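Undergrad: For reference, the structure I am asking about is given below.
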Amino acid sequence: MQTTWQPTASMEQLRQRAALITAIRQFFAERQVMEVDTPAMSHATVTDIHLHTFQTEFVGPGYADGSKLFFMTSPEFHMKRLLAAGSGCIYQINKAFRNEENGRHHNPEFTMLEWYRIGFDHHKLMDEMDDLLQLVLKCGAAERMTYQQAFIDVLGVCPLEGSMQELKVVAAKLGLSDIAEPEEDRDTLLQLLSSIGVEAKIGQQVPAFVYDFPASQAALAKINPQDIRVADRFEVYFKGIELANGFHELDNPKEQLARFEQDNAKRLDMGLKPQPIDYHLIGALEAGLPDCAGVALGVDRLIMLALGCDHIDQVTAFPFPIA
């Protein structure tokens, strides 16, 4: 029986990958940020309607009827529990799992770098991330723009004040009428316009930080106290690829629980199953999360760009089709 057993990345690319990951660890060691290790599975998971999880079942002593477990889409919830327990600034390089796309820039199992800095807001974290990107990508300093500015400059529409009909007109100009016209959820429509219309136009020469996302897309970020229309959230793009997603972290347990419950209500409206809420995280927030900012970065995509490759299979040994 013939089989494709060889890695898709060359040995030289894998050596360069290892060197870059070593450099990332050194970056955090120099800043006295502690590396941590948290579970790949959990009894609860994310409620975000746009994230899809893998799940399995444990059957063993004390669990004769089985216990459902979810593979983590991010180590965020566990890392925040460490922060609340007094860990100080922390980072992690881990495997994350998302039951979504597989292709040029996606693999269901991928390597993620996530870190949290106590006493930072999202702007100060962008400063630090810019330093890391310049180190790994050998690029210039990043450009920065608000979410509102990016939409107005690229698409000519305001994402905060434009009507659904105005957004759909822009979608039609992008050839997206079939998808956009029946869409009733504003944030889904905005994400479509961002991914197809905005992301390909920004961050071509240097990375682009986009910040102040709509408050309805806050997820686990604080609402901006100076402008409650927006959240203290940012994303990073380079050469048409989303690299990272960061927050000035929400520390209000009641507000976080309400957001999880709102997500699950929206899931039911969409015909999706509600997800089990992580009450361990809520308990950590009740105990007290220190004021901090955090970000999750896709390591495979970062290395792909650093090495001048155009497919993540070129920088991962055994991608999904041959795993």
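Each residue's number is its place along the chain shown, starting with 1.
Each Cβ is built from the backbone N, Cα and C atoms, and glycine gets one as well.
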Undergrad: Kindly point out which candidate in GLY156, GLY288, GLY294, GLY298 is recorded by Swiss-Prot as part of the ATP site with ARG98, ASN99, GLU100, ASN107, GLU242, LEU243.
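TA: The candidate from GLY156, GLY288, GLY294, GLY298 that Swiss-Prot ties to ATP along with ARG98, ASN99, GLU100, ASN107, GLU242, LEU243 is GLY298.
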Undergrad: The substrate site in Swiss-Prot lists SER74, PRO75, GLU76, TYR116. Which one of GLU235, GLU249, GLU255, GLU261 belongs there according to the record?
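TA: Within the candidate list, Swiss-Prot flags GLU249.
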Undergrad: Roughly how many Å lie between the Cα atoms of GLU76 (substrate binding site) and GLY298 (ATP binding site), rounded to a whole value?
TA: 14
Undergrad: I need the neighbours of the substrate site defined by SER74, PRO75, GLU76, TYR116, GLU249. Which other residues of that chain put their C-beta within 8 angstroms of the C-beta centroid, in sequence order?
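TA: Everything else in range on the chain: PHE77, HIS78, MET79, LYS80, GLU114, LEU220, GLY294, ALA296.
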Undergrad: Roughly how many angstrom lie between the C-alpha atoms of ASN107 (ATP binding site) and PRO75 (substrate binding site)?
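TA: Approximately 17 Å lies between the Cα of ASN107 (ATP binding site) and that of PRO75 (substrate binding site).
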Undergrad: Counting distance between Cα atoms, which of the binding-site residues SER74, PRO75, GLU249 is nearest LEU243 (ATP binding site)?
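TA: When the Cα distances are compared, SER74 comes out closest.
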Undergrad: If you count other CB atoms within 10 A of each CB, which of GLU76, GLU100, GLU242 wins among these binding-site residues?
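TA: The most densely surrounded of these binding-site residues is GLU76.
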Undergrad: Can you tell me which of the binding-site residues SER74, PRO75, TYR116, GLU249 is spatially closest to ASN99 (ATP binding site)? Compare CA atoms only.
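TA: That would be SER74, nearest by Cα distance.
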Undergrad: Could you tally the C-beta atoms, other than its own, that fall within 10 angstroms of the C-beta of ASN99 (ATP binding site)?
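TA: I count 12 other Cβ atoms within 10 Å of it.
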